[in-house]
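Novice: First the structure, which I've put down as structure tokens, then a few questions once you've had a look.
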Amino acid sequence: MTAQLIDGNALSKQLRTEVATRAQALKAKGVTPGLAVVLVGDNPASQVYVRNKVKACEDSGLHSVLEKYEATMTEADLLARVEALNNDPSIHGILVQLPLPAHIDAQKVIEAISPAKDVDGFHIASAGALMTGMPGFWPCTPYGCMKMLESIGYDLRGKHAVVIGRSNIVGKPMALMLLQKDATVTVAHSRTQNLKALTLQADVIVAAVGKRNVLTADMVKPGAVVLDVGMNRNDEGKLCGDVDFEGVKEVASHITPVPGGVGPMTITMLLVNTLEAAERASN
Ligand code: GUN
């Protein structure tokens, strides 16, 4: 069997068109959705990420501001900037790009963001809302994965989902989202014994470890759906995921490629969350 691709670029395009339409409707009511992206220091990967986020906003008709600060910025100054953005009515979403320089307590900065503007979904109030099924912002990457499953009409009820990875940004919220859709969820991680025995039982596998070839064809049940959150480089320096794509695509029913899979969906869901924040603020 050769798996069907779940195309993150195509789905993003469709969802971003919807965002642009809803943004136009809000603008007609006098509200332009606004995102503030804060970057501290000169991490090269972060610079690329924030540029892409700001560009995506512009392309969808959202207002965005990029605030760049020296790596020597103090924690107190950053907290003061966050507070100013919390009180800025033209800003509906605030994103502080991670990682932050070591002298700044990232968790403290995240908790300083107003939960109403926490479009990354990293605040403990957002995590608590997800856990209890209350309204709040969902972290963009696992939210994008849920949209990808929705796009193929996948019914998660009673299905076994195995999430590989337990980060606060992907693995844990991913597990909660799948649980909310009535999947039976297993979270595997670096200390898990016999990962293959678990993945072979899975109807859905989400690989979110950050290591190449964590999932190979012999670990996948025929017909399973495989979502690859990984962003790694292979020996030739080419972008690749956590999944051995060439092998697994012969076993799975659906699979996300890297690049062009989950990656573009993360930024798309940031736009969706920012729009949602602006809609909530205007109601
Ligand atoms: N660094 C890497 N990914 C992300 C993300 O999704 N949000 C933020 N704020 N920082 C990141």
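Think of each number as a place in line: the chain as shown, counted from 1.
Even glycines carry a Cβ here, placed using N, Cα and C.
Straight out of TrEMBL:
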DOMAIN    6-120  domain 'Tetrahydrofolate dehydrogenase/cyclohydrolase catalytic'
DOMAIN    139-281  domain 'Tetrahydrofolate dehydrogenase/cyclohydrolase NAD(P)-binding'
BINDING   G165, R166, S167  NADP(+) binding site
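Buried or exposed, and what's around them? Tell me for each listed feature.
Specialist: Other C-beta atoms found within 10 angstroms of the C-beta of S167 (NADP(+) binding site) number 17, with every protein chain shown included. In the three-state DSSP classification, S167 (NADP(+) binding site) falls within coil.
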Novice: Which residues, sitting 6 or more apart from R166 (NADP(+) binding site) on the same chain, put a CB under 8 Å from its CB?
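Specialist: Looking at Cβ-Cβ distances below 8 Å from R166 (NADP(+) binding site), excluding near sequence neighbours, one finds K172, V187, H189.
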Novice: Mind tallying the domain 'Tetrahydrofolate dehydrogenase/cyclohydrolase catalytic' (6-120) by DSSP state, helix then strand then coil?
Specialist: 59 helix, 18 strand, 38 coil
Novice: With an 8 Å cut-off on Cβ-Cβ distance and a minimum sequence separation of at least 6, pull the same-chain contacts of G165 (NADP(+) binding site), or say none.
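Specialist: The list for G165 (NADP(+) binding site) reads G171, A188, H189, V206, A207, A208, V209, G210, V229, given in order along the sequence.
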